[in-house]
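To start, the structure under review is shown below, and the notes come after it.
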Amino acid sequence: MSEISLPSKVINGAVAGIAGVTCVFPIDLVKTRLQNQQIIDGKPMYKNILDCFIKTARSEGFFGLYKGYGVNVTLITPEKALKLVGNDFFRYMLRTDGKLPFYRELLAGAGAGLCQVIATTPMELLKIQLQDAGRKVHKKTQLTAGGVEAAVSGVVKGAASGSLTAMDLTRDLIRTRGFFGLYKGLGATLARDIPFSVIYFPLFAHINALGYAEGTEKATFQHSFVAGCIAACVASVAVNPVDVVKTRIQTLQQAEGDQTYTGVKDCFVKIWKLEGPMAFLKGAMARVFVIAPLFGIAQGVYFIGVGEFVIDRTS
């Protein structure tokens with residue numbers, strides 16, 4: 001990579017993020033609900049991925065599978081731009097004599113993961129509330145004790161009725177907790193996204209390089225798609241335990257009988273004691289079904305070069 005065009009890569013990242021999230025969002029909703037259901041007493045609401053998908057579609061309709069899509073697709077543009085462009089930028093800046101040692105590939109991935117949480121944390125905080133609302137429709141909803149949960153007291157009824165919006169949550173969180181109320185779960189998000197990016201980006205780069213046309217640094221869409229799927233599959237399974245903890249912490253409303261948590265350590269200990277170590281794999285298969293095609297599509301679209309085309313046409 002002799003040079004890097006940030007404007008074109010930002011466009012590529014935005015288009016890639018929107019395309020990816022649109023395709024896989026229903027599975028992402030299923031993943032959130034599976035991770036959030038707590039089997040302490042009685043039977044679980046959902047038996048598996050298919051059962052959750054069918055029950056959601058039956059009770060909430062097709063568009064119920066896209067709850068939270070609006071905030072996700074709005075913030076996925078800066079999120080994917082920060083992640084994909086950040087990795088390219090750090091890889092470019094960390095090169096010496098045109099080469100990038102493996103340990104610097106890891107550093108570039110870590111830098112990309114660190115940058116993306118600026119957009120990822122509020123995006124997923126809001127998205128999780130909307131995605132998980134349907135899980136509590138048939139339960140008596142209660143607020144968890146203290147702190148930021150009070151910020152959603154005005155929208156509890158909205159969650160049950162299906163009228164809850166990201167704007168309601170954003171307004172109430174900022175009003176009661178200030179701007180940083182949108183960053184609940186930041187520590188858990190960092191603990192998930194930095195290791196994910198450290199694993200994902202170097203692995204993707206090496207697999208994708210196997211498909212470069214001779215004398216170029218460009219692979220076909222199909223090859224980049226497969227490389228993205230494989231790398232994302234490995235990385236998503238590796239960090240799933242942290243993703244479970246993050247999802248639980250970022251759920252502001254708890255259904256009756258659900259545990260409440262004061263932080264990452266408290267959440268980890270309670271899940272381990274009350275639900276067992278296998279609980280940390282909840283939603284792992286659904287997460288793979290989300291993350292693998294999401295990053296496969298995103299990386300394929302990213303390398304198509306939409307941004308370069310737009311910049312060339314407008315210059």
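Yeah, the Cβs are placed from backbone N, Cα and C, and that goes for glycine too.
Look at TrEMBL and you will find 4-93 (among others) tagged as repeat 'Solcar'.
Across the repeat 'Solcar' (100-210), the prediction's mean pLDDT works out to 79. For 100-210 (among others), the entry in TrEMBL reads repeat 'Solcar'.
TrEMBL lists 219-308 (among others) with the feature repeat 'Solcar'.
Residues annotated as transmembrane segment in TrEMBL: 288-311. Sequence-distant contacts of the transmembrane segment (288-311) (same chain, at least 6 residues past either end, Cβ-Cβ under 8 Å): 5, 7-13, 15-17, 19-21, 23-24, 27-28, 31, 49, 80, 84, 200, 204, 208, 218-219, 221-222, 224-233, 235-237.
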Helix, strand and coil residues within the repeat 'Solcar' (219-308) as assigned by DSSP: 71 helix, 3 strand, 16 coil
